[in-house]
Amino acid sequence: MNLSAPFIRRPVGTMLLAIGLALFGIVAFRLLPVAALPSVDFPVVMVSATLSGANPDTVAKTVTAPLERAFGSIAGLTQMTSQSSSGSSQIVLQFDLNRDIDGAARDVQAAINAARSNLPTTLTQTPTYRKMNPAAAPVMIVGLTSDTVGVGQMYDYASSVLQQKLLQVQGVGDVTVGGGALPAVRVELNPDQLSHYGIALDSVRTALANASVDLPKGAVSMNGEHYVLGANDQLMEPADYKPLVIRTHDGTVVHVTDVAQVVKSTEDLRNYGLANGKPAVLLIVSKQPNANVIKTVDAIRATLPQLAASLPSTVKLNVVLDGTQTIRSSVFDVKVSLLAAVLLVTAVSYAFFRDWRSTLIPAITVPLALAGTFTAMYFLGYSLNNLSLMALTISTGFVVDDAIVVVENIMRHLDQGKSPLAAALDGTREVGFTVLTISVSLVVVFLPLIMMSGLVGRLFREFSVSLAIAILISMVISLTLAPTLGRLLLRHVPHKQSEGALGPRVERAYGRSLRWALRHPKTMLVVTVFLLFANVGMVAVMPKGFFPIEDTGRLMGNVQASQSISFQAMKQKFDEINKRILQNPDVQSVSGYVGGRNAVSNSMMFITLKPLSERKHNANQVIADLSHRTADIPGVRLLMQSAQDLMFGARQSSAQFQYSVTAENQDELDTWVPRIEAKLRALPQLRDVNADVQSASLSMMLQVNRDAAARMGVPFEAIDDALNDAFSQRQIATVYGPANQYHVVMEVAPQYWQDPKTLDTLYVPATNATSTSSTSSSTNATLVPLSALATRTLSHAPVTIAHDNQFPAVTLSYNLREGVSMSDANAAIKAAVASLNLPNTILPAFAGQGAMMQQSGGSEVLLIIGALIAVYIALGILYENLIHPLTILSTLPSAGLGALIALYVCGYELTIIALIGIVLLIGIVKKNAIMMVDFAVTYEREQGASAEESIYQACLTRFRPIMMTTLAALFGAVPLIVSSGYGHEFRHPLGVAILGGLMVSQLLTLFTTPVIYLWLDRFNGRRASRNGNPS
């Protein structure tokens, strides 16, 4: 039965179907979304809570711990990390890839509600959550700058209007406003004056809070009219607060202005932002997990003109970082590679056919197969990304194979004198099974990859399905449209014009070499066995990684200083680092911020590099240069990493790789982490080793004499309140504006921050005092100097407290030195940590990409085995034979060895990308054996020839299509290798693996496959004879 016959006999209908497929493909291509990679973001929810004035230990115990207990029972939660710092708690919840993020967010909200009763009553706001990954690079940063408008006012615009509008954009997960704070009325107290007047801090706070309120007042009706009541109870400006009376005594009135400066400033003075060297307020935009980054950024950009128009004319709004520019460039480069691959395989066809009619058929088949694939991708919800486009680029090399096999066979029948119709019918019928076998056996290679779970399976599902669809559509086109076009276009030409580029001399030389190989089967068998062992040896010595590190043109960094550094000193160092970064000729722009509420050593930097074509160094080299440029700035370290399009979890760190250490208690962690960190710093394979949590912050402890406090009637709450009033920028009143809420902030004046003796001038109220006390007639309470109750001692305290799945934890981050593989670094780390003889209560483990590499180690082997089994089963079913599939699979060791040698020589690690290339080779290289075996079996059955003569004739007859299809696949991979734009870290190892595997396998399998065929045929014959069956 010839399934192609109806299509060949109805050329008009076949052509119209092809035109319809092409039109659908063109429309689908324009509608397909663009992305860097398939959507494989882990569902991540970040929970934030604020407890003003609390130290990290208090936050960890009273806020973080109750929330962690509530979150621990949520279904699908795979990892929970938290950081408790002064006044704030941040908990990051990472869920299983199969968990719906909206459902996870609802469960998080329910857990927050359930934990509310266990949280401190002073927690004024319920904890909030965002659907975002805090470890992911921002998709966009917008900067506000002005020469006339203050930072506080710009921050007000940003938080009141811009932040809210941007959060409404589809796909935006979070917008962080950095580099400033909201405007505020700041009451800067003079402790000496307070001491002079004998006024306690709580008296000032009470007076200010009571003087400015905005409560409901009701309404009255008089004389038949209705009046809404109002009052001048809301104070708005600093001048309104200055005359407020704090105390009256013996005719003396003490006003606020007598003990404090009242100024218009910002809520937090310890905040500073920069954009390209100018003070700026930054809006840092992150996308939701699984949101399309291109669509999200395009939607933001569409909103920006309207937002810019709403700002004062003196405020400039600029995009200082766009995370999609390199993605767009990368996808464009792959599209160019795809086009180049189509042209190259067409050129290969012409080089062999030397006839434009014969070349036109494969040239039509390839873009038509791609059009059908685009249509399928659209209905499957896929995107045009680096991996799917790489799959289509590779597919050009072997979707053309089917058409080449069909056309070449039709031409052979035309040379026998048949009519175009008869040649098309007979030629297609003859190779129809071959085409079906090649395509089906190639598609089943991807079944294990499609069925894989986890990150790798999700990541390469689009790649595999797109490739499988392209192959199947190509098979259908080759068995329908290709012979139809052959009937219409191909004509018999004189033999001299159709010899092809190789010529008969090469074929005769191959024939002689093949006869020698068949006469020396033991040599060929030894070569085959050697190839198997050589593969094992190469895998053992190959440097290994997991996923290539991209040069995205974007760097993320932070400036790490002593945890006890002052804000003023940190700001100066931040400015100096910013200046030196801009001196690097490869840097295009830099933005960042330093400070934040009670975190003066907290800083972030975002660096955009010039396009690859305009710079001389890659991202790693730029990082090394910037580290060197800033190394001589005392007291600080600049830590950077290249922003990646694929995140391996939600753990924040200051470098590319992470190593986590957990313990049962914090004391053990504090003991062992410095030793582990020292070991890692000493390793020559690593650089930029850094712990995310440090306990080096200076702490001033007040040792309160409890007996004296009890005698004087001073409760601890009064002491804590006094310290909070003096040093924590306490918000004591709210000013309600038309679009936002502002605060009245009370603190001692900045010049008193630097002097510990300020503590000696503070007074606390007491119900009973000694002679050292003074009396405050405004409250009828006595005041006791703090120095009479407490002494000061210096110690160290953590700036942040981190947990990993509710246990105390520290994450050590690091980068690899140039030329060091991930496997070598992991082995060195394991050896270094093992030498410490850690107690059982300390649990070190790789995190992020390192953890993924360990988890996927076994699955990669199973992937190869699964692909081999799938191919064997498919071939066994198609041939109804258990031996022929082994002949075909014997081609694989040479391909694997060629791929490994090519990767090793070119300096690439054996990553998941390279492994996918080897899996592809399982499908590609066996087509040579399929064409040989299929012809030999048919020839032996129909001609009654011996097995040796049959395989010999098969090799010679199929020599030209074998060479054509191999070269087509080889040249289809060339554009991946020669491309040098963004994303080449993915394309190069894939192309190198395919190219190396094809070259070695083509050289060897032309000789080893016939020998294996004969050897297995004789084995099968002997087995059949022993069983009494004819061979």
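Cβ coordinates are placed from backbone N, Cα and C, and glycine is handled just like the others.
According to TrEMBL, the feature transmembrane segment maps to 12-32, 336-353, 359-380, 431-451, 463-482, 524-547, 861-879, 899-925, 962-982, 994-1016.
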Query: Is the number of Cβ-Cβ pairs under 8 Å between the transmembrane segment (12-32) and the transmembrane segment (899-925) three or more, considering only pairs separated by 6 or more positions?
result: no
Query: Are there at least 3 C-beta pairs under 8 angstroms linking the transmembrane segment (861-879) and the transmembrane segment (431-451), leaving out pairs fewer than 6 apart in sequence?
result: yes
Query: Among 359-380, 524-547, 861-879, 994-1016, which stretch has the most Cβ pairs under 8 Å to the transmembrane segment (336-353)?
result: 359-380
- request: Examine the transmembrane segment (861-879) against the transmembrane segment (524-547) and state whether at least 3 Cβ pairs sit under 8 A, considering only residue pairs 6 or more apart.
  value: no
Query: Under an 8 Å Cβ to Cβ limit, what residues of the same chain, 6 or more beyond the ends of the transmembrane segment (962-982), are close to it?
result: 326-327, 329-330, 332-334, 336-338, 340-341, 344-345, 347-349, 352, 390, 393-398, 400-401, 404-405, 408, 502, 550-553, 612, 924, 927-928, 931-932, 988, 990-992, 994-995, 998-999, 1002, 1006
- prompt: Hey, would you say the transmembrane segment (524-547) packs against the transmembrane segment (899-925), going by three or more CB pairs under 8 A that are 6+ residues apart?
  reply: yes
Query: Is the transmembrane segment (359-380) close to the transmembrane segment (899-925), in the sense of at least 3 CB pairs under 8 angstroms with a sequence gap of 6 or more?
result: no
Statement: The answer for the transmembrane segment (359-380), taking Cβ pairs under 8 Å and residues 6+ beyond its ends, is 18, 21-22, 24-26, 28-29, 31-32, 338, 342, 345-346, 349-350, 353, 388, 392, 395-396, 399-400, 402-404, 407, 462, 465-466, 469-470, 473-474, 477-478, 481-482, 485-486, 489-490
